[in-house]
Amino acid sequence: MLYRTAGQFKTSYEADQALFPVKQDAFLLGVILLFAWVIFPLTASEFTFQAILIPVLIFSLAAMGLNILTGFAGQLSLGTGAFMGVGAYACYKMVTLMPWMNPVVAILLSGVFSAGVGVMFGIPSLRIKGFYLAIATLAAQFFLVWLFEKWAWLYNYNQSGAIQVPNLEMFGTFVSGPQAASVTEYYVVLAIVTLLTLVCINLTRGNLGRTWKATRDMDIAAELIGINLMRSKLTAFAISSYIVGVAGAMYVFMWKGAAEPNAFDIPLSFEVLFIAIIGGLGSILGNYLGAILIVGLPVVLNLVPATLGLNWSSATVEHLNVMIVGSLIVFFLIVEPHGLNQLWRLIREKLIIWPFPH
Amino acid sequence: MKHFAKLAAAALVAGAMGTAALAESLYAPNLSYRTGPFAATGIPLMNGQKDYFEMLNARDGGIGGVKIDFAECETGYSTEKGVECYEKTKGQAIVTQPWSTGITLQVLPKTNVDRIPILAPGYGFSPMADGKVFQWAFNVPSGYWDAASMIINYIDNEAGISGKKIAFVHLDHPYGKEPIPLFEKKAAEMGFEFLPIPVGLKEMQNQSAQWLQIRRERPDYVVMWGWGAMNAGAITEAVKTKFDMSKFIGVWWSGHDADLAIVGEDGKGYKSISWSFPNLDAPVMADIKKHVVDAGISQSNETEMQGVFYSRGIVISMILAEGIKTAQDHFGTAQINAEQLRWGLENLNITEARLAELGMEGMVPPFATSCANHTGHSGGWMLEWDGAKFVKVSDLLMPDTSDYADLIAEKAMEYADANTPWEMNEACNVTN
């Protein structure tokens with residue numbers, strides 16, 4: 001009914017391979033973009049910006065970066081948190097060394113540093129695969145966090161060892177730091193996330209994406225048909241780390257405001273990995289759905305008892321919250337092991353042929 | 001279905017009452033951590049804090065006739081949840097209590113814009129003592145540099161610190177690194193050897209490498225800046241390596257009864273500097289027992305209530321309560337706002353007489369704050385583990401505050417410069 005495709009004829013290959021072969025998809029995306037760009041910013045409170053909208057977007061982007069590497073190119077990585085840290089520290093050094101620099105440019109550039117580091121730690125992927133590679137990236141995780149702690153130059157010899165986001169201006173308004181309004185931060189995050197999502201969608205649909213998928217599905221076969229495995233794997237590491245690094249820079253500059261090295265420790269890597277898995281490996285939309293479930297839902301659930309007027313202690317609510325989110329994760333993975341993205345795809349396909357069963 | 005309807009009706013009524021009650025109470029949220037890796041130390045502190053306000057609400061009907069809504073927002077000591085809690089509570093809050101050095105660092109610049117006082121008793125960033133720069137931040141009654149100064153003086157009095165070797169076992173984290181600048185400065189001045197031994201967050205519970213190093217280095221004293229699981233780890237390792245416990249001194253967060261109870265008699269002689277001490281005979285304890293424990297609203301228990309951390313929780317709440325009261329008296333209104341509370345916290349004067357009035361003699365040394373001095377530098381006592389509990393083994397020790405006043409001012413200005421535009425209290429013309 002909602003997804004009736006009757007009357008939508010494709011007369012060329014191009015039309016058939018377009019981003020939105022079904023008109024309703026484009027419409028749906030339009031509605032979502034309208035909400036994201038106009039309706040949320042107009043209606044959201046500061047709490048919604050800080051606790052839901054901004055973190056969900058940033059985590060979606062981080063998961064998207066990981067998804068390029070793990071979901072599309074098939075290279076397991078446990079170092080996401082550390083690569084996010086590289087982005088954050090790079091951004092910090094840039095804005096403190098060059099205060100005149102445009103903050104958005106600094107954020108976008110900081111990904112370059114994490115891409116470099118990512119490629120370095122991606123080199124082992126040419127020789128080892130699967131879990132062994134995951135352990136190699138785990139080494140990156142430990143090494144980089146150690147480096148953030150020990151290399152005092154990185155945090156400008158700050159006595160507390162943490163990086164503090166200074167107030168950063170762009171065209172006369174504060175876009176980062178304590179003086180920045182939440183709505184400005186949100187728009188910056190949204191613009192960057194939208195841009196990089198667009199890039200990701202097109203990358204994964206294009207030539208590069210196809211070589212990644214071939215590498216993922218069977219690397220020997222891919223090599224036999226003439227795919228340069230080294231190029232395929234290292235570009236995946238570079239692009240993935242770039243996106244993760246940008247997400248890391250925004251994580252500190254657009255959201256947290258300060259970070260100690262420990263913030264980029266392994267729990268962060270796991271959180272991003274969970275989002276990618278729950279959302280669905282090898283998908284773009286899944287990252288958003290996963291981030292909504294893992295980052296957004298606990299915040300919303302925390303508010304429920306108070307809204308209902310139940311006077312439960314905060315610790316009880318937190319315990320319940322962990323239980324509910326945990327069981328939801330288990331539930332979704334049982335119902336659809338390929339993640340929320342696949343669940344949505346099935347629903348969509350069923351809607352297209354509705355009311356017929358086949 | 002019927003049950004559900006009833007439940008919904010009850011919820012509605014409760015909700016209505018909740019909002020009604022909110023209108024005539026002061027909202028003083030606490031970012032608690034009763035869950036997560038540090039819960040063992042968080043629970044007694046949170047219980048102490050909460051019980052004191054429950055007692056005030058039950059006994060006096062709050063402060064100045066207004067009940068205090070001492071809501072908790074659970075962070076689990078995670079900085080992410082901390083940000084969420086800060087944003088959630090800051091709307092009507094008159095104060096924010098971040099309860100972790102990480103969360104403190106994060107909300108510190110925000111409070112300066114949101115104009116909410118941040119109360120971090122005995123923790124957080126030491127230069128917050130400079131009230132002219134950090135006009136919204138308070139780390140009463142003592143900061144980490146005070147603790148370091150008191151420990152150095154204690155060792156100097158006991159054995160003469162010059163020429164001695166002091167090992168500094170600390171959490172490799174903003175919190176553990178806090179006192180290092182002062183230790184380094186004093187080491188150069190007083191001629192002792194300062195040897196920092198960091199303990200990573202991951203190796204908190206297994207410190208064999210660090211203690212092996214300590215055994216090799218043979219320091220005269222070991223000073224510890226530990227927290228949570230790290231304390232128990234260090235203490236058990238010290239016992240295992242047969243380190244002389246009487247030469248082992250911790251900061252106030254390393255003086256948790258439960259950590260020492262694990263080793264019991266073997267931990268005898270271990271010391272911890274503290275700006276609070278449990279006085280079980282104090283009238284306030286009797287009031288809490290009568291109004292809170294007997295009424296069944298306390299989440300604490302008998303053993304916990306005798307500990308150092310529970311009573312520290314009470315003291316922390318007393319500081320906030322006194323700030324509220326001072327502000328109410330000065331502005332002549334019971335419904336004070338955040339700005340007025342800041343004035344109250346800036347003009348605290350907790351004398352011996354006031355402590356006696358509050359029924360809290362011996363639980364905290366007297367101290368006073370001003371617009372320039374947001375710490376109070378109350379001093380503290382050296383506590384010693386006697387095998388079953390902590391006892392006081394010193395008179396009141398005072399830090400040499402003047403000694404590092406320059407360092408505080410310098411670091412505070414450094415912070416302000418890094419965060420321009422940073423609003424300071426220009427009107428303040430007191431020097432101390």
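Each Cβ is built from the backbone N, Cα and C atoms, and glycine gets one as well.
Values in this document were obtained by computation on a predicted structure and should not be read as measured data.
Quick look at what TrEMBL lists:
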TRANSMEM  A:26-43  transmembrane segment
TRANSMEM  A:49-69  transmembrane segment
TRANSMEM  A:76-95  transmembrane segment
TRANSMEM  A:101-123  transmembrane segment
TRANSMEM  A:130-148  transmembrane segment
TRANSMEM  A:186-204  transmembrane segment
TRANSMEM  A:234-254  transmembrane segment
TRANSMEM  A:266-285  transmembrane segment
TRANSMEM  A:292-313  transmembrane segment
TRANSMEM  A:319-340  transmembrane segment
Contact set, same chain, for the transmembrane segment (A:130-148): CB under 8 Å, 6 or more residues outside the stretch: 75-79, 81-83, 85-86, 89, 117, 121, 124, 154-155, 261-262, 264-266, 269
The transmembrane segment (A:76-95) touching the transmembrane segment (A:266-285) per 3+ Cβ pairs under 8 Å rule: yes
Outside the transmembrane segment (A:186-204), six or more residues from its ends: residues with CB under 8 Å to it: 19, 33, 36-37, 40-41, 44, 49, 53-54, 57-58, 60-61, 64, 68, 72, 103-104, 107-108, 175-176, 212, 239, 243, 246, 250, 254-255, 284
Proximity of the transmembrane segment (A:234-254) to the transmembrane segment (A:319-340), 3+ C-beta pairs under 8 angstroms: no
Cβ contacts under 8 Å made by the transmembrane segment (A:49-69) with residues that lie 6+ beyond its boundaries: 40, 75, 77, 80, 83-84, 182-183, 185-186, 189-190, 192-193, 196-197, 200, 203-204, 212, 236-237, 239-248, 250-251, 254-255, 271-273, 275-276, 279, 281-284, 286-288, 290-292, 294-296, 299-300
Tertiary contacts of the transmembrane segment (A:292-313) (same chain, 6+ residues out, Cβ under 8 Å): 51-52, 55-56, 59, 271, 274-275, 278-279, 320-321, 324-325, 328-329, 332, 340
